[in-house]
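As annotated by Swiss-Prot, [4Fe-4S] cluster binding site applies to CYS45, CYS48, CYS52, CYS80, with the evidence given as sequence analysis. Sequence annotations record features per position, and here Swiss-Prot assigns Mo-bis(molybdopterin guanine dinucleotide) binding site to LYS82, GLN149, ASN174, CYS178, 211-218, 242-246, 261-263, MET372, GLN376, ASN482, 508-509, LYS531, ASP558, 718-727, ASN802, LYS819. Residues or ranges marked as substrate binding site by Swiss-Prot on the basis of sequence analysis: PHE794. Sequence annotations record features per position, and here Swiss-Prot assigns domain '4Fe-4S Mo/W bis-MGD-type' to 38-94 based on sequence analysis. What Swiss-Prot lists as signal peptide is 1-32.
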Amino acid sequence: MNLSRRDFMKTNAAVAAAAVAGLAIPVKNVEASPDKIIKWDKAPCRFCGTGCSVLVGTQNGRVVASQGDPDADVNRGLNCIKGYFLPKIMYGKDRLTSPMLRMTNGKFDKHGEFTPVSWDQAFTIMAEKFKKALKEKGPNGAGMFTSGQSTIFEGIAKSKLFKAGLRSNNIDPNARHCMASAAVAFMRTFGMDEPMGCYDDIEKADAFVLWGSNMAEMHPILWSRISDRRLSHPDVKVAVLSTFEHRSFELADLGVIFTPQSDLAIMNYIANYLIQHDAIDHDFIQKHTKFKRGETDIGYGLRETHELEKAAKNVKTAGKMHDSDFEEYKKLVAPYTLEKAHEISGVPKEQLEALAKMYADPKLNIVSFWTMGFNQHTRGVWANHLIYNIHLLTGKISKPGCGPFSLTGQPSACGTAREVGTFAHRLPADLVVTNPKHVEKAEKLWKLPKGVIQTQVGYHAVAQDRALKDKKMNVLWQMCTNNMQGGPNINQERFPGWRDEENFVIVSDPYPTVSALAADLILPTAMWVEKEGAYGNAERRTQFWYQQVKAPGESKSDVWQLVEFSKYFTTDEMWPAEVLAANPEYKGKTLYEVLFRNGQVDKFQVPTDKPGYMNDEAEHFGFYLQKGLFEEYAVFGRGHGHDLADFETYHKARGLRWPVVDGKETLWRYREGYDPYVKEGEGVAFYGYPDKKAIILAVPYEPPAEAPNAEYDLWLTTGRVLEHWHTGTMTRRVPELHRSFPNNLVWMHPLDAKKRGLRHGDKVKISSRRGEMISHLDTRGRNKVPQGLVYTTFFDAGQLANYLTLDATDPISKETDFKKCAVKVEKA
């Protein structure tokens, strides 16, 4: 399809008006007459984890247009407001185009001015700092904080560079802040990660329950599908649970506002209701589940010196699960009566009972969706377990229109962070560094000698901040994220370590973000279709795209940076002498040679039959790097329930949902007739465990790490708005998006405002025990908060909401709780 740039701008005007109003519309409703000026190709959207496919229009070496891909199953030609403005994210006036090092008089100076340097100069000082830190502080002396926005190829390269080449597992993604609890609970419940269902469930479900998920703004294309299902089928029901009222409530038949943290009590009440009313599937439970009891009083992931950690009894065994049975489970949930759930949550009894009846109805196909409200939670793993319990008790799982569905917030939090394994403890395809057999397999598939990959887990995201501050770690490379703005407790735990004289911080980014400006070295990065890439979305769908334009100036893709940087190290410098003595063929080689010129990664050449094909990495390195990385990686999962198709298939398709066996994708896992790994006659097989049974886990309600008191008398919860994505690095550089929502706000109940002598629009100071932020008050807008709670966002670099947040984490998953801390608000 072809569309002129002028006509595209007309299209955008109509689209913007509709999207700001909360609509998602297909391009065919607004497009003008076609011509042959613009070249079109497909790519997945750069933003959330939905995985919409867009058609990208290029002209004269620039991206000038985009539109929803009508051939894509996910979005069916629709885009949300952010998707329609994708071309503009790449052309901000302050785009970085050369490496920048802090220097004074031609030498590195921690307090110097950012000065352009060559890539060789940048990598030389980086290598020097890495070698020194790893030698002096051990494998965790240097590390990387990376992203669920990195491509699959970039994830493979960084995992190999750190875990194999540098022999450091000290690499963790920002997905630790958003998806770790979901991933851990998947692994603990089913023995395998990621959802069993897919987006096709939406058109087959009779009821939807949203737990801590504002899909109307955060996953608007999926919300459009739910809206269509609800509005075209009168009997379909929607329940929305949250700590405040947001736009998703507009469609809700049952809108539930609960006290922060009390979702744990509500879910235990539902489980108790199901048992008391014999609304459970006894046959399913007997055949396909087993019972465990979780450890309790496990702390809050704070520093060991914190009073809450010292008081907790089971911090060291937080993840332990004890054998149990149905009778003990029944006894443990019995205290969660309607009265107790109401008392803890503040939810009216009739609403609680109505919700329980939705799950109890055997005729109702039901899907539970959740996002950060569940995961960014000091008991996030428990919350995920508790929703699985409900679906397992009723047998409403792993079949069309029925199941628990964890939605991801980033385009490849699944495909890269989880599947590739860029967490500090993971390897590809659900393998972990602490399992010697898994390590042995990784060494074999990566053609490495035994003993190269270490079994010591690296620092998780929050621990990296603490280690840098405490000087246990001296080098940090941040890639494809903005943690100085997006991570918790900036004042006390992050900024001090970044600016410490002994530490060296590198940031790879296309723009001068808050993180970049706090770093010592900035590396300019290619964006989106300036490189060839691949993402994996929330429904296990892997999608590829080709490079379509070149990056500006000296900007390089992250995969180029990682692979080129590997040339600055030798095995003699980084690997143990005994390993090299036993394997002399590796001695004296660069990490580039052993990791990326190993006869596997470098065995493919770029296609010669594709007119206009470009691949800057292949041109530089002399081989088809992306294909080599992917095919080497894909071997990890083939035959083990993580099967991926071959490389070329993905470039032809609009994505495929794994496992892909004999060329066929899998829509519903663990169910006979849909999943090729479930044998005939098994019906359901949760084959992540040898006994093929899923775990139902008994865990209680426990209070949050911090709650309001006389001084800090309000709950604070943080999140996003429709128009902006995460820290606004891209969306705030789109003029239309910036104008539609220029600055952050603090939403407050009108009575709370009146009590403080405040009015809508007032300039206010919001303070916590950790810091403060100046903003403006909103008592009338889209978010309607209950008394006692305020809501704010983190997209605005001029208002750093994470000055306020607490760095408490789930003790099992190590995921941060951005949803609950105590603040006070006063006139500024």
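Every residue, even glycine, has its Cβ placed from backbone N, Cα and C.
Features as recorded by Swiss-Prot, highlighted on the structure.
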residue	record	DSSP (3 states)
CYS45	[4Fe-4S] cluster binding site	coil
CYS52	[4Fe-4S] cluster binding site	coil
CYS80	[4Fe-4S] cluster binding site	coil
GLY212	Mo-bis(molybdopterin guanine dinucleotide) binding site	coil
GLU217	Mo-bis(molybdopterin guanine dinucleotide) binding site	helix
LYS531	Mo-bis(molybdopterin guanine dinucleotide) binding site	coil
VAL721	Mo-bis(molybdopterin guanine dinucleotide) binding site	coil
HIS726	Mo-bis(molybdopterin guanine dinucleotide) binding site	coil
PHE794	substrate binding site	coil
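Put simply, of the binding-site residues GLY212, GLU217, MET372, LYS531, PHE794, the one whose Cα is nearest the Cα of CYS52 ([4Fe-4S] cluster binding site) is GLU217. Cα to Cα, CYS45 ([4Fe-4S] cluster binding site) and MET372 (Mo-bis(molybdopterin guanine dinucleotide) binding site) are separated by 20 Å. For CYS80 ([4Fe-4S] cluster binding site), the spatially nearest entry among the binding-site residues GLU245, MET372, VAL721, HIS726 is VAL721, judged by CA separation. The two recorded residues GLY212 (Mo-bis(molybdopterin guanine dinucleotide) binding site) and CYS48 ([4Fe-4S] cluster binding site) have their Cα atoms spaced 16 Å from each other. The most densely surrounded of the binding-site residues CYS80, MET372, judged by C-beta neighbours within 10 angstroms, is CYS80. For the binding-site residues CYS48, LYS82, GLU245, MET372, HIS726, a Cα-Cα cutoff of 10 angstroms around the residue listed as 'substrate binding site' retains HIS726.
Confidence over the domain '4Fe-4S Mo/W bis-MGD-type' (38-94), given as mean pLDDT on the 0 to 100 scale, stands at 96.
Close to the recorded [4Fe-4S] cluster site, the chain also has PHE47, THR50, GLY51, ASN75, ASN79, LYS82, GLY83, PRO220, ILE221: residues not among CYS45, CYS48, CYS52, CYS80 whose Cβ is within 8 Å of the site's Cβ mean position. Cβ neighbour count for CYS52 ([4Fe-4S] cluster binding site): 29 (other Cβ atoms within 10 Å of its Cβ, all protein chains included). Counting Cβ atoms from all protein chains shown, GLU217 (Mo-bis(molybdopterin guanine dinucleotide) binding site) has 21 others lying within 10 Å of its own Cβ. In this structure, the C-alpha atom of GLU245 (Mo-bis(molybdopterin guanine dinucleotide) binding site) lies 22 angstrom from that of CYS48 ([4Fe-4S] cluster binding site).
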